[in-house]
Every structure is written in structure tokens, then in C-alpha cells.
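The Zn(2+) binding site annotation in Swiss-Prot covers His562, His566, Cys676, His680.
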Amino acid sequence: MTSLNDIRSTFLDYFGRQGHAVVPSSPLVPRNDPTLMFVNSGMVQFKNLFTGVEKRDYVRATSSQKCVRAGGKHNDLDNVGYTARHHTFFEMLGNFSFGDYFKEDAIRYAWELITKDFGLDKARLYVTVYHTDDEAFEIWKKVGVPEDRIIRIATSDNFWQMGPTGPCGPCTEIFYDHGEHIWGGPPGSAEEDGDRFIEIWNIVFMQNEQFADGTMVPLDMQSIDTGMGLERIGALLQGSHDNYDTDTMRALMEASAHASSTDLDGDQNVHHRVIADHLRSTSFLIADGVMPSNDGRGYVLRRIMRRAMRHAHLLGAKDPLMYRLVPALVSQMGQAYSELGQAQALITETLKLEEERFRQTLDRGLKLLDDEVAKLPEDGNLPGAAAFKLYDTYGFPLDLTQDALREQGRTVDTDGFDAAMAEQKAKARAAWSGSGDAADATIWFDIAEKNGVTEFLGYDTEVAEGQVLALVVDGARVDKVASNQDVIFVTNQTPFYAESGGQVGDSGTIRTETGVLHVTETRKVAGVFLHVGQVTEGTIKVGQGASLSVDHERRRYICANHSATHLLNEALRWAIGDSVVQRGSLNSRDRLRFDFSHNKPMTADELAQVEAEVNDLITRNTAVETRVMTPDDARALGAQALFGEKYGDEVRVVSMGHHAGSGKGLDKDTYSIELCGGTHVKRTGDIGPFVILSESASAAGVRRIEALTNQTASFYLSEQNERMGQLAAELNTQAADVLDRVKALKDDRKKLENEVAQLRRELAMAGGTSAPEAASVNGVNFHAQALSGVTGKDLAGIVDEHKARLGSGAVLLIADAGGKAAVAAGVTEDLTDRLSAVDLVRAAVAELGGKGGGGRPDFAQGGGKDAANAEAAIAAAKTVIEGV
């Protein structure tokens, strides 16, 4: 049987032989496209090539693209597990031409691949063309498809548009006939929705540009975009019409069945299908840098996770299940996607943690859903308010509730749910509103196309000469700028580092023969460095020569923080394990911030170990080395990379420190090796002192460390030392003895507090108001007393002393705490079978302006707003005793 891995390789190898660049899949998180939640097709990473705003060193490409469809317009989540071809995660095989070949070659390549390399029966293949696309019709005839199997389609199914305006063009699709034993008709027929004729490949001919008025003109650059789902063609080549019968999906489902000790087929099958699919999407999303959260992409990830976890619950799994399936996934797909193996520890830890948390509420949430359903008529649907309560209180996404109700033939009032969710949706929309930059990205692409990308000189120098290529004010290009104008300044080369990889951009000064620019920040778009600042003297014109000078002191501090971050990252891995993965960072002038995956607070000992190890590496003052190499060579050395980052053919590798047990580097003794494009110190000693300020939660499963280095750390330590001296003087001791002195003071205070409490109890036992002596009520010795000068905390001990004195009986005490009442009651063990202290407290509290009260039959506590009603409260408690 041909495996999915073999099919993927066959596809890519075929187009590689046809001169296509084999381009790796992009991460699932789109770059520079805030309108798209996840990559959902093969063309996404090539979008700027199709629109002409970007150029690369190839004009034809092929890829197997990771895709997720679980939100927004393309949302397959509800159907996953119940149909043969719906997935949240799938791979899209594609070949692309950017102004190179067009219809004839695209059709010829497709036909040759599927009939020769894949060996599909030509007699079972049908094709569709757009009804006016005579050219495609004739090409299909030319390659050998009979006219009666070339179907003209007049609907939008065979006409592709990027949007209301922009590139568009007709499509041609290839269908496979599974045979008469399966219901359905050919495309365009009344029975086309059946499963007999299945589309396996879509080929888009981008040949026109559409304008807002509906007119179309031919594109100057005509292109090809194709897509073929790997799972769909895999099912066909493996003799099935169900994607879940493919070898990869079957292996994951078998792993699910084994881990849950359940049958693979029968009633359990749908659960295993959901788990297998969702395992792929969640694992790849985590590997590409998405973590579960309550908004944005992280919320979609959490929804997918929790849907799978509910199906694991329905299988009867008593313990977390998903994380135990990760090795099976890595075994199936890790060779094609190395990021799975690299992120395996993080994926495993994240899945386990999320499932442990969700299982704590799942049973309660499902019980609440059952209670709500029990109130409904036989064919009633769940009100939106109830569904929102599940979401708001128990973290149940709407689709999880819908999924649970689906099995009962019920639905949810989604309009009611949407109304309850309006505020959250508004916040979510605001979060996706984009960066708000005045200048459209096309400006920078135009500059890059005309002048090339900016050459960065800042690894070797902080001063350089350049030429002014562009000036941008309020989103528009201008020829010159005058004093006090804010401007974005572009040169052909620069020593200024542009913000990226967690490192802030440089600031400094740029001078021309006629003016001076103060640079406050440096950014980068499409390889163009943007110097953002204000003209402080004279005027500056496009075409002038420029002298660029980076703020040396600021850069020095930033470099120290960035290099320290590398050492911190590795020290954390040594201290708490390989599950530590960088989740974010900020390296600024003043401090560094490092976010990392970890599911609990670090201990004081762990933090001390990390801080000491980083400082030890700093004091060794070893050289910081940088080399440029291929990503594969870097990984072979053990270099750490950021999950979700896409790297080019060459990467910059930063190495520092030595550790005999590291196993990394050429000599297997390098402490830290990371792929990094930032600027760093020359030697570790240049970092200076390293001080951890804090460790805290940043998000679920993510911790954050903030730290100082260099002179900032020295100032901090000096300030702390000064404060310690002041504290020692205040305590009349030496700095080294401050801790012992504080402990002694705390012990003295505790002793005095105990003595005061004992005195209050003795005073309370000796007097007070309202029946200082016990009275017999219904045969029960009852001591009731309103006290002053005691606190609520004192009452428990006083109640116990009165119970001991009575031997058999009940006690009620009310303390006046600044006008409010603290109440405590006790009943001796011999009476608790017929009298409860809880009932006494509740009766008393009701008279004191309070509610409730609780505890055990032998002791209970409560409180009220008005201690002045103590007499009425005692009388109410007495009534309770009289009634037993």
C-alpha cells in the first residue's frame, strides 16, 4: 500500500523534476496577514508573489502545506468525525507558477502525475471547466480526456476570486468516479452532492484582474495556483473513499483505541476519528507557536483540544489521553515535519496540562448540561443563555455544547448565545484590527523591488555611510522633510538594528549635508529598514548621502540583555527540564523579559540556581561566537530555534559558554547555541551582573522572568545594599544578622499575640453581658453571652473552654467587632444527635442582619451587620433549643 508519506514525496519529486522549487510548508500562523486566523491553503505563503509586490529567486514552486480550518469562513470543526472528508488539519499539495507557465503546462503536469506516477484509471477521471473557458476545454481534449467527461460549469465553483477586487480567473477541477455502488452524480448534476464523484484536484488560472465596477482586464502576469488534499488523494490511492481509512489516520485511531482500551470500530469509531484529527491540529499549532488561551488563535486551539477531550471522556478515559498519543503522531509525520519532534516535549506537556485542567470541570459542566436538557420538552432546543452559562462558567465552547447535543438530536439557540457573547466578540474583533501603521505595506515592497532590501551592517559597526532612498510622512512618500517633521527614513544600508526576535530596534542620529534626524526606533518590513524619528535640524532630501550613527550606550545595554536571555534560556532547561520552550521575549535597554513554557511557579531554590549559573557563565568571560550556516547544520549542532519561525536557506547561529555535559557544538561542550539574528556582546563578561527581579504567570502554562544586567543590575544591587544597611541600622544590628533579627522579632510578636489572646479569653470567661451563667433550656445547659474586647478569631477557643466547663450543653457567643457581630456556637458531643451548632448560629445570625452561617454539629460560626441585636439573637437560639 502506498503511504501518505510516499504520496507526498511522489508529488514533490515530480514537480521538482519539472523545475519547481520545493518550498517547505510555512507555519500555520500567517505572516503579515492579520485578516487570516490560520493558513488554510497552499497559496497563502505565496500571496505576495501572485500580487506582484514580492519577488523571489524562483518563478515556479511546489509545496505540501500544513492547513487548519477551524474558525471563521473556513470552519470544519462541527463536521469532523462524522463525515469521510472533513478535517481541522490537512495537508494541501500544490504547484504554482508566478508568471511562468500557464494553462497548457498546468493541465499536462496534472494529467501526467495522476495517470502515470499515481497510476489512476483514466476511465474513472472527469474534469470540469468554467463554461466560457474554451481554451481549457481544448487542452483537456488534447491530453486525451473524452469530450463527454469534460463538463462545463457556469457557477462560482469554477471561478476563483481573491476578493471583491483583484486577481481572479477560471478553475478546472479533476474528479474521480468511485463507481456505481456509491450514490451520487457527476459535477453539475442534481446528484452532485453524493460521494460517488469526488474532486481530487483544483487548478486555478489567475488571468484577470477585477475592479469595483465589475469590469475585468487581463493580468500582466498570469499565474497558476493548484491544490490537492493529501488525505483525499491518499484515500483514493489506498482503495477507500474515507480519508480516515488512510494509513496515517488509521495509525492514530489505533493508538487512541489502545490507549483507551476500547474498540476501534463500532459505536466508538467516531470518538477515535475526532481524537485522531484533533491530535494533528493541536500538535501542529503548538509546534508553530500557538498556546491555548481565552482569545484569538489560542482560543481556537483550546476549543479543538476540549472537543477532543470530551470525546476521550465519552470513551471512558479516566485519565488524560491525548498527550499519550503524541509519540504515534511523531512516528507518522515527524520525518516530513521535523518541528513535531523538536516540539514533542512541549506538545506533550501542553496537552497533559490542558486536559488535567479541563477534566476538573468537564463532569460538572456535562451535569449542568444534562440538568438544562432535562427541563426541555422532548424536541426542545437549548436556550442560548444556558449555552452561554456553560461557556462562561465552565469554559465550554459553543461548538462543544452543540456537539454534545447533536447526539440527542437537539441544537442550540445560537442567536441567544451570540447576544450574550456580544461584548467578547467586540473585543475579539478589536484584537484583529491590525497594526494601525499609516503606511501601506505596498510602499515598502515597492522600495524593495526598485532598490533591493536594506543591507544591515550593524553586526560589525555602529556607524556607516548610506544614501537616502525614501522619505515617508503620514503614509505617503515625499521628496524632502523639514525641521520638526516626523518621518520614516529609508537608506540603502544601515548599522541600525530593526526590531525583531524580541530585541527592540536601535535609536541614534542620521546626518546629511543639510539636516539632522533623531531616530527613536527602527523597524523592518519586506527587508526594508525603517528609521522612525524627527528632523531636529535643517531639511533632508531624497538622494542625499547620510551618516548613520547608532546610540552606542543604548545598544550596549540591549546587547547585554539579549545575550543574557540566551544564557537564561539554557539555564532554565538545565534547572527544570527540556519542556522549557521560549514563548516570547523582550530585550530592551532597561531590562529583559523572558516567557517560557512551564506549568507551575518556580521555587526559590530553582530561581537561585538559574541566577547563579548565569552569573557563573558571565564571570568565565568566554567569547560569544556567531556563524552563518544552513538550518540543518545548525540543528545538527544542537541549536535551539523558535517554534513557529520559518528560516531561510542560511541562518545566523550564536554560541556562548561551555559546559562539559551539553552535547552541543562541534566539541559537544557548548553551553548555549541558538538561531538568532540579533546583536550580542563580544564576550560573556560584557553582560555584567545578572539579577532576577521576578518570576510570575504570563498565561496558562507560561511563566515570565524579568531580569536586569550590566550597569542597571549594578545600580539595583547597590540600591538594595543601601536599603539593607538602613534596615540593619533601624533594627540595631549588623546587615549579616538582619534575617535572624527579623525572625526573633516575629517570634516575639507571635508570643505577645498569644498572650493577648489568652488574656482576652480569660476576661471573656470572667464576665460579659447576657446570662453569664448557664441556664437550663428544654433540659439542655445553655450558656449565651455577648462579649466585648475580643475578636472573632478568639471565639472558637472560648467556646471550647465553656463546653469543657459545662460537660454537657450548648454555648452561643456574640462578639462586638466595631458594631458588627461575630457569632460562634458549640454543642457537646452527647447532644449533637438532636441539636446542631449550625442551627443555633443561623438563628442568631438572622437577628443580627446576616445570612447563613456554617460548620459542624459540634461547632459553627457566622456573622452579622448589627451587634446591637445580641439579646434578640440569643433569644432566637434559645427558641431553637426549645424546639428539639
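From the backbone N, Cα and C atoms, a Cβ is placed for every residue, glycine too.
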Specify all same-chain residues, apart from the site residues His562, His566, Cys676, His680, whose Cβ lies within 8 angstroms of the center of the Cβ atoms of the Zn(2+) site, ordered by sequence. Gln503, Cys559, Ser563, Thr565, Asn587, Val624, Val654, Met656, Glu674, Gly678, Thr679
Show which residues of the chain containing His680 (Zn(2+) binding site), separated from it by at least 6 in sequence, have their CB under 8 Å from its CB. Cys559, His562, Ser563, His566, Val624, Thr626, Val654, Met656
What is the total of other Cβ atoms whose distance to the Cβ of Cys676 (Zn(2+) binding site) is within 10 Å? 25
Measure the Cβ-based neighbour count of His562 (Zn(2+) binding site), defined as the other Cβ atoms within 10 Å of its Cβ. 27
Taking the Cβ of His566 (Zn(2+) binding site) as the centre, how many other Cβ atoms fall within a 10 Å radius? 30
Does DSSP give Cys676 (Zn(2+) binding site) helix, strand or coil? coil
